[in-house]
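Structure first, then comments.
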Amino acid sequence: LCRIHYHFGESGNYSLEVKVLSRSTQTVSCDLSINEDPINSYLPILFAFLVYMGILAAVIAGHLLMKIDPVRSWVCKKLNPRETEQLINSELDSPGRADSLGSDLSSQPLWSSVPRQRLRSLDTFRGLSLIIMVFVNYGGGKYWFFKHESWNGKLHFQTAFSSRFVFIMGTSVSLSLSSMLRWGNSKKKVLLKILWRSFLLILLGIVVVNPNYCLGPLSWDNLRIPGVLQRLGFTYLVVAALQLPFTGIVSENVPEMPPPALQDILPYWPQWIFILTLEVIWLCLTFLLPVPGCPRGYLGPGGIGDFGKYPNCTGGAAGYIDRLLLGEKHIYQHPSSSVLYQTKVPYDPEGILGTINSAVMAFLGLQAGKIILLYKDQHKQIMSRFLIWSIVMGIISAALTKCSKDEGFIPINKNLWSISYVTTMSCFAFILLLLIYYLVDVKRLWSGAPFFYPGMNSILVYIGHEIFENYFPFKWKMQDSQSHAEHLIQNLTATTLWVLISYILYRKRIFWKI
């Protein structure tokens with residue numbers, strides 16, 4: 001009858017009046033009236049931003065005051081002198097001083113050949129990715145741009161940062177393996193540690209994603225097998241085992257070194273063949289595997305998507321493999337696509353096929369670690385290599401997606417962990433790592449706080465936020481469940497608490513390692 005373009009505001013109440021002006025000419029008028037004005041749903045974000053900026057300003061002011069001798073002397077008298085010195089040097093000013101403190105207590109990746117000195121930017125990168133992930137998992141204030149993407153397209157906060165956790169894990173693998181061998185561990189011993197850590201990650205993941213452990217023993221009838229930690233465990237196993245035989249190759253005296261532009265690639269050509277083979281397997285299974293009732297190579301959400309032609313084809317080959325090998329009751333029952341596309345079949349975003357590309361993502365992070373080890377303290381070369389890799393990944397993404405949401409060869413899709421999603425996220429990850437590396441480790445303009453602290457206890461923070469998600473003080477009953485302000489206060493409070501917990505653990509020199 002009529003077509004109207006209108007931007008509707010949140011919580012507004014509208015009426016559409018359709019009037020027939022002339023029956024003979026079939027003229028129709030459509031008028032939109034506002035019964036109740038919409039609210040400005042972004043004001044809570046502005047208020048929260050101002051609060052956190054106020055806290056930051058207070059910290060900076062305290063830092064400046066501590067540079068005044070009378071104030072510094074007064075504080076030293078009131079507090080323990082040793083603790084005061086550590087607070088001033090490690091928390092507010094000098095990243096280098098805190099490096100030696102944290103490195104004595106953790107077997108995370110070590111930097112260069114300097115004994116027990118951490119590359120602080122990696123922990124900051126890891127902590128930033130983790131805290132954003134925690135905030136979004138808690139609800140993200142119920143804003144659309146903090147929610148999980150239903151299927152193809154937009155790069156929301158959670159989409160962008162959860163994958164970077166996988167990326168930085170690959171970077172840490174390169175540095176940590178080099179460190180362990182440099183401290184005298186045999187490759188056999190390191191391999192056993194890799195296997196044990198992978199097993200623990202998978203086991204912890206199965207416990208965490210099945211929250212009925214408080215009600216009794218886990219039941220196999222509806223036990224979910226895939227999950228975030230399980231994927232991290234398998235990814236870590238693949239990437240660490242792949243890197244272990246080549247660890248130390250850069251420091252060996254190679255008669256004919258490859259050209260400088262390829263120093264971080266050619267010595268590792270067997271790794272690249274293996275990773276490219278994995279990707280070929282993913283492509284063949286995704287686009288060539290026959291799926292009953294679905295077109296070959298289907299990448300859609302199923303349900304009412306694609307005009308409802310393929311209602312039971314959610315995820316195409318990826319969903320089919322999971323249901324075939326794991327069983328429908330052992331995968332995620334409420335995928336993000338179920339709300340928008342009304343899908344009926346279960347689909348697991350951490351499924352088997354997507355784990356292949358998760359390993360590819362971690363391998364690209366591993367590449368960043370190789371660059372750091374290869375060029376050591378040559379900051380310009382390290383940052384230029386990060387920039388080059390970012391550009392290469394961006395070009396590949398543009399070619400795969402044709403710079404569109406749905407029209408490309410392989411769309412960006414986190415649920416499928418498509419290869420275009422991996423290259424796009426890697427592009428941004430290299431850029432973000434470059435910026436943090438420049439600010440934290442090169443210029444030392446930023447200590448990495450507060451993200452550095454959860455980055456030092458990442459496994460504890462992730463598991464803790466999953467287990468205590470529904471307990472006070474991380475969650476409480478709200479008066480208005482539709483209020484962005486209440487949701488934002490609750491989610492930011494919960495996220496901030498985990499930052500404070502990780503800071504206290506850091507000060508107490510407590511680090512949970514597996």
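One is the number of the first residue shown, and numbering goes on along the chain from there.
From the backbone N, Cα and C atoms, a Cβ is placed for every residue, glycine too.
As annotated by TrEMBL, domain 'Heparan-alpha-glucosaminide N-acetyltransferase catalytic' applies to 118-239. Annotated transmembrane segment per TrEMBL: 42-65, 125-145, 165-183, 195-213, 233-251, 272-291, 352-375, 382-400, 420-439, 451-468, 488-506, in sequence order.
Same-chain residues lying 6+ beyond the ends of the transmembrane segment (42-65) with a Cβ under 8 Å from its Cβ atoms: 71, 92-93, 141, 143, 484-485, 488-489, 492.
Here the transmembrane segment (420-439) has Cβ contacts under 8 Å with residues 121, 124-125, 128, 155, 159-160, 163-164, 167-168, 171, 357, 360-361, 364-365, 368, 379, 382-383, 386-387, 389-391, 393-394, 396-397, 400-401, 408-414, 445-446, 448 of the same chain, all six or more residues outside its ends. Note on the domain 'Heparan-alpha-glucosaminide N-acetyltransferase catalytic' (118-239): DSSP counts are 91 helix, 1 strand, 30 coil. When Cβ-Cβ distances below 8 Å are used as the criterion, the transmembrane segment (488-506) is approached by residues 44-45, 48, 102, 127, 131, 134-135, 138-143, 450-451, 453-454, 456-457, 460-461, 464-465, 473-476, 478 of the same chain, each at least six residues removed from its ends. Here the transmembrane segment (451-468) has Cβ contacts under 8 Å with residues 98, 102, 106, 108, 120, 122-128, 130-131, 133-134, 137-138, 165, 204, 208-209, 211, 228-229, 474, 494, 498-499, 501-503, 505-506, 510-514 of the same chain, all six or more residues outside its ends. On the 0 to 100 pLDDT scale, the model's mean across the domain 'Heparan-alpha-glucosaminide N-acetyltransferase catalytic' (118-239) is 86.
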